[in-house]
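Contents: one structure, followed by commentary.
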Amino acid sequence: MEPGCGEGGGGGGGRDERVPQWGAQETRELIAARGEMERESAAAAAARRSAKTLWEAVSARLRERGYRRTAEQCKCKWKNLVNRYKGKETSDPENGRQCPFFDELHAVFTERARTMQQQLLEPESGPSVKKKLKRPSGDLSSEDSDDEEDGGGDSGDEKPIRSRKRKTADKRQQSQRMAEKSRTSISSIHELLQDFLVQQQRMDIQWHEMMERRSQERIVFEQEWRQSMQKLEQERLMLEHTWMEREEQRRMREEARAEKRDALLTTLLNKVLQEDL
């Protein structure tokens with residue numbers, strides 16, 4: 001059995017003693033339902049809902065998952081979990097104390113801080129959103145603060161001091177984000193220039209390689225052309241020499257025939273003359 005608001009609460013002893021103890025899976029479902037409500041509120045950019053309406057919605061989510069818990073029971077259990085988380089109890093066994101649901105709670109608060117930072121960076125956020133983002137991202141949500149105020153609020157002197165501290169923290173975070181943004185943009189420009197230079201050098205190397213390859217191809221082509229011309233010239237000389245030899249042989253045959261014809265005519269004339277005598 002959990003007395004009052006449950007484990008580690010310390011207070012609320014006069015409340016219902018018959019509240020059943022929260023199981024591990026039921027507690028995880030409670031954390032998940034609370035995280036879902038925060039995500040839906042951030043996505044809808046809705047106005048800040050009251051704590052009562054919030055915990056009634058969380059109770060309805062648990063009923064949908066098979067767990068019957070009232071809004072007050074959900075609120076008390078959440079306050080116990082937040083107190084243990086805020087009490088710097090970590091999941092590190094070396095510290096001696098452990099928060100059994102540290103990872104789930106840390107995920108919810110980390111996502112909340114990331115959402116608030118994104119809303120801070122939006123150029124056209126509404127006045128209600130700006131008012132909600134007056135708190136630093138590492139703090140708990142306004143609903144958690146409202147829950148804590150149920151047990152006892154801050155004094156009138158502490159509120160202005162906390163407000164100034166929050167404004168100072170907001171300004172410091174904004175300046176850090178601007179510096180980080182500037183460093184990131186400078187680094188991006190440097191990387192772009194470096195990539196451009198590397199690409200330009202690669203293109204120059206490719207162009208030189210292409211020109212050298214074309215020059216080698218031209219030299220090889222000229223050598224092949226010279227060799228083909230020399231071969232053609234040699235073939236022409238051989239054909240011309242063969243033609244001259246044939247012409248010489250034909251002329252010699254013609255001269256031989258002419259000499260034989262002349263000798264035959266001379267013999268015939270001499271024979272005719274001798275017969276006449």
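Any Cβ shown, glycine's included, is placed from N, Cα and C.
Small disclaimer: the values here were computed from a predicted structure and weren't measured.
The feature compositional bias 'Gly residues' is assigned by TrEMBL to 1-13.
The region 'Disordered' annotation in TrEMBL covers 1-24 (among others).
According to TrEMBL, the domain 'Myb-like' annotation covers 22-82. Within the model, the domain 'Myb-like' (22-82) shows a mean pLDDT value of 84, rounded to a whole number.
Annotation source TrEMBL lists region 'Disordered' at 119-185 (among others).
Marked as compositional bias 'Acidic residues' by TrEMBL: 141-152.
Within the compositional bias 'Basic and acidic residues' (170-183), the DSSP-based counts of helix, strand and coil residues read 14 helix, 0 strand, 0 coil. Taken from TrEMBL, the feature compositional bias 'Basic and acidic residues' applies to 170-183.
The coiled coil feature in TrEMBL is assigned to 222-266. Below 8 angstroms of C-beta separation, not one residue of the same chain at least six residues beyond the ends of the coiled coil (222-266) sits close to that stretch.
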